[in-house]
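Below is a structure I'd like to ask you about.
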Amino acid sequence: MRIALLAGDGIGPEITAEAVKILKAVVGQEIEFDEALIGGAAWKVTGSPLPEETLKLCKNSDAILFGSVGDPECDHLERALRPEQAILGLRKELDLFANLRPARLFPELQAESPLKENIVTGTDLMIVRELTGDVYFGTPRGQRKDDQNRREGFDTMRYNEDEVKRIARIGFETARSRSGNLCSIDKSNVLETSQLWRTVVLEIAQEYPDVELSHMYVDNAAMQLVRAPDQFDVIVTGNLFGDILSDLASACVGSIGLLPSASLNSEGKGLYEPIHGSAPDIAGLGKANPLATILSGAMMLRYSLKREADADRIEKAVSTALEKGARTADLGGKMTTSEMGNAVLAALN
């Protein structure tokens, strides 16, 4: 198993180092990591946030473990050269159209949630977000002057039926592997794009008679996520709505330092990363929480490498470490990044 290791910027090298430590402890010599530059670190050396060498490595690897991108020293660059463009480029080049973001409340961390205990207890959901279409990629887009010489910005929200079909199937398959309940979230009372979305999802539902499908408007879904998050198991939605709702769900369960993600293509190749950013303000200080990256490694084992038992083992070790009181600063503790990794390592054994 060959893994492309893209540590990136900010806290990326620190948190990926802990994930690699755990993965090697679980899998041993069967897994090998090939490092490459990406983001601001790559731009400083090559002049590109996504060098051809890095892209080639990713295409030839079994999976990608990604740290973070984002560097204030690159804020002056034009959009195409900014570190954040690297992740967009990888999604496009590898056709990583399906983003899976679990949001699970660890019982040991109920006090970290901003929601009341009786509301948030039992929250364990998965958001399946379409990642390569919608308003983020639709054209035309830009800025111009209107007929009265006023500045205006414009974007295009667009989906075709094939894009909706393939993400819907991922949603149904994910629901089938869990509780059998899927909620499709759209804005079909207003948007033509969402009307197509709902129509196609209903068509695909005929292929999954064992999965119970419901629909919800995105504004109501946002309210329901903070009112009664335990009503959801699997959510499938578009790029824009998924971007917003997944961040909201992450806040419901506590620190974003706990939440992993997977971005998959139709062949099962995936990019695995924590949902948080590069946090340049604490880079190199040993304050970052590595658990989201460690859990991203577990998702990599499950979805791309088909090692379910190993993934379960890592997730159980994280839970055990938290149960024994392991806490980094974001969780109200004093552990360093490496100490948290060592706590998970000890729990493995």
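Along the chain as shown, residues are numbered 1 onward.
Using N, Cα and C of the backbone, Cβ positions are placed for all residues, glycine too.
Copied straight from Swiss-Prot:
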| type | residues | note |
| --- | --- | --- |
| BINDING | Arg91, Arg101, Arg129, Asp219 | substrate binding site |
| SITE | Tyr136 | site 'Important for catalysis' |
| SITE | Lys187 | site 'Important for catalysis' |
| BINDING | Asp219, Asp243, Asp247 | Mg(2+) binding site |
| BINDING | Gly277, Ser278, Ala279, Pro280, Asp281, Ile282, Ala283, Gly284, Leu285, Gly286, Lys287, Ala288, Asn289 | NAD(+) binding site |
Tally every other Cβ atom lying within 10 Å of the Cβ atom of Gly277 (NAD(+) binding site).
15
Which of these binding-site residues has the least crowded Cβ, counting other Cβ atoms within 10 Å: Asp219, Asp243, Asp247, Asp281?
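Taking Asp219, Asp243, Asp247, Asp281 as the binding-site residues, the minimal 10 Å Cβ count falls on Asp281.
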Given the recorded positions Tyr136, Asp247, Gly277, Asp281, Ala283, state which is nearest to Asp219 (substrate binding site) when distance is taken between Cα atoms.
Asp247
Give the distance between the Cα atoms of Ala279 (NAD(+) binding site) and Lys187 (site 'Important for catalysis'), rounded to the nearest whole Å.
33
Using the recorded Mg(2+) site (Asp219, Asp243, Asp247) as reference, state which further residues of the same chain have their Cβ within 8 Å of the centre of those residues' Cβ atoms, listed in sequence order.
Val218, Ala222, Leu240, Phe241, Gly242, Ile244, Leu245, Ser246, Leu248
Here are some binding-site residues: Arg101, Arg129. Which one has the most Cβ atoms within 10 Å of its Cβ?
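Answer by Cβ density within 10 Å: Arg129.
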Show which residues of the chain containing Ala283 (NAD(+) binding site), separated from it by at least 6 in sequence, have their CB under 8 Å from its CB.
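Listed in sequence order, they are Asp9, Gly10, Ile11, Glu14.
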Taking Cα-Cα distance, which of the binding-site residues Arg91, Arg129, Asp281, Leu285, Lys287, Asn289 are within 10 Å of Asp243 (Mg(2+) binding site)?
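Those close enough are Arg129.
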Can you tell me how far the Cα of Arg91 (substrate binding site) sits from the Cα of Tyr136 (site 'Important for catalysis'), in Å?
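Just about 12 Å between their Cα atoms.
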For Ala279 (NAD(+) binding site), just count the other CB atoms lying within 10 A of its CB, please.
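Ala279 (NAD(+) binding site): 21 neighbouring Cβ atoms within 10 Å.
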Let me know how many other Cβ atoms fall within 10 Å of the Cβ of Tyr136 (site 'Important for catalysis').
17
What is the maximum Cα to Cα distance, in Å and rounded to a whole number, among the residues Gly277, Ser278, Ala279, Pro280, Asp281, Ile282, Ala283, Gly284, Leu285, Gly286, Lys287, Ala288, Asn289 annotated as binding NAD(+)?
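Looking at Gly277, Ser278, Ala279, Pro280, Asp281, Ile282, Ala283, Gly284, Leu285, Gly286, Lys287, Ala288, Asn289 as a set, their Cα atoms extend up to 16 Å apart.
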